[in-house]
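Okay, so here's the structure we're looking at.
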Amino acid sequence: MSSTKRLLQALIMGAPGSGKGTVSERIVRSFDMLHISSGDILRKMIREKTDIGIQVNKFVSNGQLVPDELMLKTIGSELNRLSSTDRSWLLDGFPRTKPQALSLFQIAPVQVVISLDVPFDIIINRVKGRWIHAPSGRVYNTDFNAPKVPGHDDVTGEPLMQRDDDKPESVKKRLEIYSEMAGPILEYYAEQNILAKFSGKTTNEIWPQVYKYLATKIEPKEKLA
């Protein structure tokens, strides 16, 4: 029996509100994988004032999108660094366009693409029930974590507010933008026979499917709870 460690280069995609963050956390906890967030990499390079970070900051500070070529250089340098560490990884937040997906395949051939498929009406309903107490940051949801007195914080009794981002029309717009962006990328990965799609209404429905699938690709470090 071979003792060679199986390594996996994976990517996770999902609409805003699909539970991508939670599923990513569970993947990293259950499998020996590093979570690579494109946003975190950009912020780290800007903070450390690397050559790439200085270039990236010129666009970010002006509210502009970072060009494809620079994004690829940024992500590529991080993935190249990781290739020498003998670690599996899960990339999150990149690619955002089909050209980026094509170029990423040249730099670091992804072996598995995990796509979370949650009905948009479920996401809209989930998010529209979210209310916050701004001073403390306490978050409530009228569906599963409702305040004791509707519209008021449990601790202070102060009124709750809903962020503009959480209003149904805002959520719907974000989901439409995601669909337009993700469609061609997911089609490309399906053509490469590396797309694995997981459907469900909640993270707890989706997670066991993701775990069982990944367990066929890489050794789990903890059993499915």
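In case you wondered, yes, glycine gets a Cβ from its N, Cα and C as well.
Counting every protein chain shown, the number of other Cβ atoms lying within 10 Å of the Cβ of ARG130 (GTP binding site) is 19. If you look up TrEMBL, you'll see GLY17, SER18, GLY19, LYS20, GLY21, THR22, ARG130, VAL139, TYR140, THR203 marked as GTP binding site.
Cβ neighbours within 10 Å of ARG163 (AMP binding site), excluding its own Cβ and spanning all shown chains: 12. The feature AMP binding site is assigned by TrEMBL to SER38, ARG43, GLN64, LEU65, VAL66, GLY93, PHE94, PRO95, ARG96, GLN100, ARG163, ARG174.
Across the domain 'Adenylate kinase active site lid' (130-165), the prediction's mean pLDDT works out to 90. Annotated domain 'Adenylate kinase active site lid' per TrEMBL: 130-165, in sequence order.
What TrEMBL records for 37-66 is region 'NMPbind'.
TrEMBL lists 129-166 with the feature region 'LID'. Tertiary proximity for the region 'LID' (129-166) is limited to same-chain residues at least six positions away from its ends with a CB under 8 Å from its CB atoms, namely 174.
Looking only at the binding-site residues GLY17, GLY21, ARG130, TYR140, the one with its C-alpha closest to ARG163 (AMP binding site) is ARG130. Note: the Cα of GLN64 (AMP binding site) and the Cα of GLY21 (GTP binding site) are spaced 25 Å from each other.
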